[in-house]
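Visitor: For reference, the structure I am asking about is given below.
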């Protein structure tokens, strides 16, 4: 019998153990091949009209996926090699050289990985059209995507995973030389030492986590404050998570042992002792899984929330369907004619917005930064109360304003969290060619009334004052249109953007803001969800592998328990509790981390842009829990079959 045939036979005999690894790795290949296929797809490229981040997003996601898959395969390969220590020892005892054993394991990994790679590419190719249609659905595109086999995508996937497979196969081969024969036979008898419970380190874990949570929620006045807060939070949460598993859980399990009434009830004594003995070996794994879970949930929440609130963001950036600076009768009539010719999108409002642009300064640089004046000579846009009323009617705004002489109503600057109290602390000085006017702020408008442009500083003043300013300064005229179904005005918006003079007129359209945001956030959501699923599958598999390794090690102990009268039902209940601890703790901690960070970011983003995190958080957390629940049930079932049947 050759080494190759022995490897094939061993692979068949260990098929059940390899199954979860096989599925998880194949899923990774499918997702990577999908990303690469979409990157090369001409249909997808043609359908994504406005976003410039498609290629960069997919390349970045592919790199992250490759890195994670490499670590996962490396870990899994080490796991399977160490798991078969007795088998390796038996081969050595029979006179098989380590070089031959290493070759056999090399062949096994090579065969499995090749099968996985081939199956993953095949499934990825067959599902490429479905994934492409799903992506286009997220992007709000109704275009059809054809089925085609991308040779470039297949070659890319094959080369990347061939390198990973080769490196991990060599790693498995070299691992054999680190084992000693006596250690291999006594692998299951090498009990881990019971970790000591340190009340001080347990307290430090709680303090570090609390510190991280506090700093992530602190407000900031500058970029340096933000970096400091997030840096301290990252260190606190990371170290706190490690110490929680290393010390705090041990401390709590020790406390549980002191509760004699509960400790000696049923098999609690066995379950608690098992967890204590295994805790030291699980610290690193549980820490990484908890942090990776938090990161995955956070990325999914942010991506999904941006996609979920894209419409609101487009409305703030471009409140009118179309707006441009008047460039003379010929250009204005050309724009009006194109918009009016679109019978599918009836015009509901067409208004003129006269605006005075002025230089200005405030008593401090809080609401009116110095860079506004550096960017443009006249950064302040001034609108009269009457004009605001016309705008409010066109946009169906219920808020009315009536500033007195010497007062101004500010329109909240986008991407800021300023409140009325911030404005009331300021005095605005308008600097006109012949004189200056000092105004105080009486009110703050949350709704946008002009398309966003930088500098973004708009005020509303009374008609009399506006008339006085108009006599001393020239005004510009904005032409604004509101139409029905503005999110589907692709042809008209594109035609307008291609007009000569459109750029000079600063022509903006709601459709382009909406569509660009939809494409960027849709691609981000697509990538985040599928990367998250890969991470979930891999981390769930790692916990599954570790639990089954412990099941094989503890099989004789559970056999002894049954012989002394412990029922199978009691053993199953103990397995349920132990596995719940191993699966539930990193999941609970990951969810807690992500919710704390999302809560802090929601306060920040809600002030800058109206972003709703509630639905995305509930959706992603529920999906995460369901997938982990699947792995938990699978682990408990397999664990029970090993030790209880």
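First residue shown is number 1, and so on along the chain.
Every residue, even glycine, has its Cβ placed from backbone N, Cα and C.
Sharing the feature lines straight out of TrEMBL:
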type     : residues : note
DOMAIN   : 61-177   : domain 'ABC3 transporter permease C-terminal'
DOMAIN   : 530-643  : domain 'ABC3 transporter permease C-terminal'
TRANSMEM : 18-36    : transmembrane segment
TRANSMEM : 56-76    : transmembrane segment
TRANSMEM : 105-127  : transmembrane segment
TRANSMEM : 147-170  : transmembrane segment
TRANSMEM : 200-220  : transmembrane segment
TRANSMEM : 232-255  : transmembrane segment
TRANSMEM : 283-308  : transmembrane segment
TRANSMEM : 523-545  : transmembrane segment
TRANSMEM : 580-601  : transmembrane segment
TRANSMEM : 613-634  : transmembrane segment
Visitor: Count, for each of 200-220, 283-308, 523-545, 580-601, 613-634, the Cβ pairs lying under 8 Å from the transmembrane segment (18-36), and report the range with the highest count.
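Guide: Comparing 200-220, 283-308, 523-545, 580-601, 613-634 against the transmembrane segment (18-36), the winner is 523-545.
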Visitor: Does the chain bring the transmembrane segment (283-308) near the transmembrane segment (580-601), so that three or more CB pairs sit under 8 Å (pairs 6 or more apart in sequence)?
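Guide: Between the transmembrane segment (580-601) and the transmembrane segment (283-308), which are separate recorded stretches, there is contact, as judged by 3 or more close Cβ pairs.
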Visitor: Does the transmembrane segment (200-220) reach the transmembrane segment (580-601), going by 3 or more CB pairs under 8 Å (6 or more apart in sequence)?
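Guide: Yes, the transmembrane segment (200-220) contacts the transmembrane segment (580-601).
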Visitor: Among 232-255, 523-545, 613-634, which stretch has the most Cβ pairs under 8 Å to the transmembrane segment (580-601)?
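Guide: Ranked by Cβ pairs under 8 Å, first place goes to 613-634.
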Visitor: Could you give the residue numbers and ranges of same-chain residues that sit at least 6 residues beyond the transmembrane segment (613-634) on either side and whose C-beta is under 8 angstroms from one of its C-beta atoms?
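Guide: For the transmembrane segment (613-634), the list is 20, 293, 296-297, 300-301, 304-305, 308, 532-533, 536-537, 540-541, 543-544, 579-580, 583-584, 587, 591, 594-595, 598-599, 601-602, 605.
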Visitor: With helix taken as DSSP H, G or I, strand as E or B and everything else coil, how many residues of the domain 'ABC3 transporter permease C-terminal' (61-177) land in each class?
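Guide: Grouping H, G, I as helix and E, B as strand yields 100 helix, 0 strand, 17 coil.
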Visitor: Per DSSP, how many helix, strand and coil residues does the domain 'ABC3 transporter permease C-terminal' (530-643) have?
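Guide: Taking the domain 'ABC3 transporter permease C-terminal' (530-643) as a whole: 105 helix, 0 strand, 9 coil.
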